[in-house]
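To start, the structure itself, in structure tokens.
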Amino acid sequence: MANPISLPLYEKIPHKNTLQRAFDTLIFLLLLSLLIYRLLFLNNHGLTWLVAFLCESWFTFTWVLIISSKWNPVENKTYPDRLLQRVPELPSVDMFVTTADPVLEPPIITVNTVLSLLAIDYPSHKLACYVSDDGCSPITYYSLVEASKFAKLWVPFCKKYNIHVRAPFRYFSTNPQTLGGSSSDFQQEWKRMKDEYERLSCKIEDAVHKSVPCDLSGDFAEFSNVERKNHPAIIKVIWENKTGLLGGLPHLIYISREKQPKHPHHYKAGAMNVLARVSGLMTNAPYMLNVDCDMFVNNPKAALHAMCLLLSPNSEKEIAYAQFPQVFYDGLKDDPYANQFVIFYEYLGRGIAGLQGPLYGGTGCFHRRKVIYSLSPNNVDPVNEKLIESILLNFGSSTELINSAAKALKGKTNTVANLRNSIHAANQVSSSCYEYGTSWGTTVGWRYGSTTEDIHTGLMIHKRGWRSIFCTPHPPAFLGCAPSGGPAAATQLKRWATGLLEILFSKSCPLFATLFGKLQFRQCLAYLWILTWGMRPVFELCYAALPAYCIITNSHFLPKVQEPTLYILVAIFVIYNISTLSEYLRAGESIRAWWNNQRMSRINTMNAWLFGFLSVILKLLGISETVFEVTQKDQSNDDANDVEAGRFTFDGSPIFLPGTTILLVHLTALVVTLLKWQPPPSDGHGSGLGEVFCSVYLVIWFWPFLKGLVGKGRHGIPLSTIWKSAALALLFVHLCRRTTMD
Ligand SMILES: O=c1ccn([C@@H]2O[C@H](COP(=O)(O)OP(=O)(O)O[C@H]3O[C@H](CO)[C@@H](O)[C@H](O)[C@H]3O)[C@@H](O)[C@H]2O)c(=O)[nH]1
Ligand SMILES: [Mn+2]
């Protein structure tokens, strides 16, 4: 080795988890014995028994997927200090930010993310920041122009005083003036920065309220007469680091790709591909970092941590991307909406990281450009010229792009003398029909066809035999905002379930990727676990209907109290709860957080995921297309100080219909037992304690809905939803009665 320093840039540390494995295996064996029992006595029982068997088979299948995914957790410990000694020259990184709607995604949020990126600890002449604005908003552009002026003060300030959090809104809201130093110089500069940031926020705020930042002339002329979904490409170099020196600010480029109603734009995936092409023309960095507009850099060494993983020996031929977990700021206490995913990343995330590598999460990810350009690991070294030529044939008509891509694929770098010289070519590759007849979105770049383009794109990368790597530094590298409130969270989950099923039911299905590609078998299981989220409501709804059905018709789907097999079910219930609870406690989460997540899993599955399932069915039937509905983002969670924070909120969306119906059905069933309105059992064996217990438990899970039935305003379920649910519940009861009369 040329360099005498031979300490590794990162270490892979397996996590021991014997107890967890024992719990998980035990649950699996119990589930298996339950299935065998069901199967043995299938003939003695009716339809309920069969339905229970089918549902439990599905749950067991899911459990196998979970165990396999969690079995080998690893942690990668990175050493950025060694990187600076080992690597003589760090590679360039193009940083991508996507925003789509200036109302749902207020420009001040995007501005903070951009500022935090511009200020990261990395040689600034190696960085370029590209902002894609699908909202085509002059306010966003204006905000970025103003932000770049502020950045000239902010970035040197952060570097000089080694500020930890470089998104100003966070820095000034959480760090008192004393942090960073007590010298009078620091105090003075701190005050100045705070004033300047307030000035910037006010300007942006004013622009938002005026809705037009200034007369749309001069620099803004291109925004006059634009419609969001119908406009030419607008690409502007806001700041160019002409000196190419270390001290300057990174380049900052604004891109609003062309949109035309008759051409599909493929939502975020389409935006990412335009970013890849335009940056290819301008800076062509071998690495690309992509973040959502709300995901600011929380650890200024993020890029260095990622480079430890990506620049290690052999990484070049093995590792496609380095993914950071999604962590959220200002999360509500005890995670009432179960959308902070702490436990998910802690166990499943680390587990999958021990297989072929983490799934691509759409944000907080460092990609290799050549992998995005569709190269496979076995073609990296030696470079296969023929293959590269064939890839480039389908890159579209821009010769400038093809030339730059050839360099990227061969691992060469190029420097453009003047970014503005490539504006013409950049406009060409951002046009709404550039991709026709090319491989963009099918074999090159971010994949089309799913509203979860991230999982889809990552899956296709794993399919080519690449691995990926999980990066979990402290403090977390990026922080974003999780949707707050019932409706926003439900819409997001619905979109995810939709997108995941779109992948499952397409030719990108992981089963094919394992059979015909290089997706590892257990990685395939991990993908199946996530892609089948949207299937779960079918089984959970049926299973949830069983106890109510049994009570109303006085039949059973559970063994009687005196039968020993009942203990299998009791054991599954008890051990599952102890085991999941212990996961939460070991990860430093509260019992309440555990309960909220248990509860929300049921609520989300039976509401949002069900709608995801339905929208995919409609798409498969050719009735409607799926859309990407952007999540509302707030800078500070006003609710965080609110006593009502975390209390479930509703709106008139039909998404709350299934949950309300299930609740009403169970309330009816409970009334039926209490008042002894059950018909006589048909085979001398009616419903028993087991069914009633399930029913009560379900009502407890749906407590937020029970409160919603009587709640007012946004805490109440709208009357129209209640009426519709009541009608559906009555229909269910009627159908139950019909089956007993036959
Ligand atoms: O037409 C669109 C729609 C969305 N976006 C951007 O996509 C990002 C994610 O959108 P958001 O509404 O925040 O969705 P989330 O569900 O919060 O995002 C998660 O899930 C998405 C896939 O469903 C991933 O793309 C994201 O990276 C991941 O954070 C945001 O930056 C948007 O501006 C676009 O650029 N163009
Ligand atoms: Mn988001």
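Quick reminder: no glycine exception, Cβ is built from N, Cα and C everywhere.
Remember, TrEMBL labels are computer predictions, not curated facts.
Per TrEMBL, the features are as follows:
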TRANSMEM  21-41  transmembrane segment
TRANSMEM  47-67  transmembrane segment
BINDING   Glu105, Asp134  UDP-alpha-D-glucose binding site
ACT_SITE  Asp134  active site
BINDING   Lys268, Asp292  Mn(2+) binding site
ACT_SITE  Asp454  active site
TRANSMEM  566-585  transmembrane segment
TRANSMEM  606-624  transmembrane segment
TRANSMEM  655-675  transmembrane segment
TRANSMEM  687-705  transmembrane segment
TRANSMEM  717-736  transmembrane segment
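Locations of recorded TrEMBL features on the structure.
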residue: Glu105; record: UDP-alpha-D-glucose binding site; contacts (Cβ under 8 Å, 6+ apart): Thr99, Gly135, Cys293, Asp294, Val630, Lys633
residue: Asp134; record: UDP-alpha-D-glucose binding site; contacts (Cβ under 8 Å, 6+ apart): Thr98, Thr99, Ala100, Asp101, Ser256, Arg257, Lys259, His265, Tyr267, Lys268, Ala271
residue: Asp292; record: Mn(2+) binding site; contacts (Cβ under 8 Å, 6+ apart): Val97, Thr98, Gly362, Thr363, Gly480
residue: Asp454; record: active site; contacts (Cβ under 8 Å, 6+ apart): Leu359, Tyr360, Gly361, Gly362, Thr363
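Around the Cβ of Lys268 (Mn(2+) binding site), 23 further Cβ atoms fall within 10 Å across all displayed protein chains. Counted over residue pairs separated by six or more positions, the transmembrane segment (717-736) shares at least 3 Cβ pairs under 8 angstroms with the transmembrane segment (655-675), which defines the two as touching.
Across 21-41, 47-67, 655-675, 687-705, stretch 655-675 shows the highest tally of CB pairs under 8 A with the transmembrane segment (606-624). For ligand 2, the recorded positions lying close by, meaning a CB under 6 A from one of its atoms, are Asp292; the full candidate list was Asp134, Lys268, Asp292, Asp454. Sequence-distant contacts of the transmembrane segment (566-585) (same chain, six or more residues past either end, CB-CB distance under 8 Å): 19-20, 23-24, 26-27, 30-31, 33-34, 37, 343, 346-347, 558-560, 591, 593-594, 597-598, 690. Beyond its flanks by at least six residues, the transmembrane segment (47-67) meets 21, 24-25, 27-28, 31-32, 34-35, 38-39, 41, 348, 525-526, 528-529, 532, 535-536, 539-540, 542-543, 546, 549-550, 555-558 of its own chain at Cβ-Cβ distances under 8 Å. Under DSSP, Asp292 (Mn(2+) binding site) is assigned to a strand (E or B) in the three-state scheme.
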